[in-house]
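Dropping a structure here in structure tokens format, bear with me for questions.
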Amino acid sequence: MKLPIGHSVASQRPTQSSGKLADDPNDPISHACAYISLVPQALLVVYVTLLWATREAEVFLTFAGQLGCELVNYILKHLIKEERPLRKWVLSENLSEDRAVGSGYGMPSSHAQFVFYWAFSVTLFLMVRHNPSRLHRVEGIAAAASEDKDGECDNNEQRSTSSEPPSLRTIQQAYRAGGLAAASASIEAYSHGPWTLTQRVIVSVAAFTIAILVSWSRVYLSYHTPRQVVAGAVAGTGCAIAWFAVTYVLRETGMLAWALELPVARWLRIRDLVVEEDVCQPGWEVWESRRRVTMQKERERERNKKKGE
């Protein structure tokens, strides 16, 4: 089969032109790989979104480590200076040449280094650092339902709490003990409680699966050799472990706490909560407190209205 001018002999795999990925329409795998290769760009969007939405110190630290990992990759590439794999390109009917698919040096793969740093950082956070110090209590649901039913309210309101971690078994126990209202409170506690070890392992495995797919896509698209991708994965893992150790020292020595007291940190509303609790929990507790006050005032208004009648 005669190849069009400018197409690679090697399965007509994707090329890079003006910063855009182009894939072979006759190869659905290369088409999928072109999108998989965009995962690092998607993760950058996630980083920026989390930085703006949560203002969490842990997110800032992880992103700083990610930028440092990219700097390490740039330095390694210019120290090693290993070219990307060459492929034969048909320039005309009787002329061809060997040319790399991508631009710049190929050792180590920046994509592989990026995603393996991210995957290992997520795993280290979930399996080592993230340690909620308390169970998330869900208050007011069963109490509010009971108060609405009885038409009574006092300062010692009932609260739906559990002495054990929320689970499917506690939901059943709550339903038997307090009916639908208690079961609703237990379901809420279960859905917003700290992740179990199994859940953390599943998320960590998913992160590494994504990292492996991205790395494999770079080889399939002919941007890197397997050796360059493995080197990138090792470099990314090493950066994640090293940066985790640095952040551990920052926390243990009190340097992070000191930094959070700086005016710029307070201006930006940077906080350090995610290590010990769910990000959404503090805001939810404020909302729940306001909701309970509103319900209390409404019941008092109704009770006074009945007394006046």
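Easy rule for this one: first residue shown is 1, then count along the chain.
Cβ coordinates are placed from backbone N, Cα and C, and glycine is handled just like the others.
Just lifted these from TrEMBL, have a look:
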REGION    1-23  region 'Disordered'
COMPBIAS  9-19  compositional bias 'Polar residues'
TRANSMEM  29-52  transmembrane segment
DOMAIN    69-247  domain 'Phosphatidic acid phosphatase type 2/haloperoxidase'
TRANSMEM  111-128  transmembrane segment
REGION    146-167  region 'Disordered'
COMPBIAS  158-167  compositional bias 'Polar residues'
TRANSMEM  201-223  transmembrane segment
TRANSMEM  229-250  transmembrane segment
Mind pulling out the one from 111-128, 201-223, 229-250 with the most Cβ pairs under 8 angstroms to the transmembrane segment (29-52)?
201-223
Cβ under 8 Å, sequence separation of at least 6 from the ends of the transmembrane segment (111-128): give me the contacting residues as numbers and ranges.
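For the transmembrane segment (111-128), the list is 37, 39-40, 43, 58, 62, 65-66, 69-70, 72-73, 195, 200-201, 203-204, 207-208, 210-211, 214-215, 218, 223-224, 228-237, 239-241, 243-244.
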Averaged over the whole of the domain 'Phosphatidic acid phosphatase type 2/haloperoxidase' (69-247), what is the pLDDT?
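Residues in the domain 'Phosphatidic acid phosphatase type 2/haloperoxidase' (69-247) carry a mean pLDDT of 74 in this prediction.
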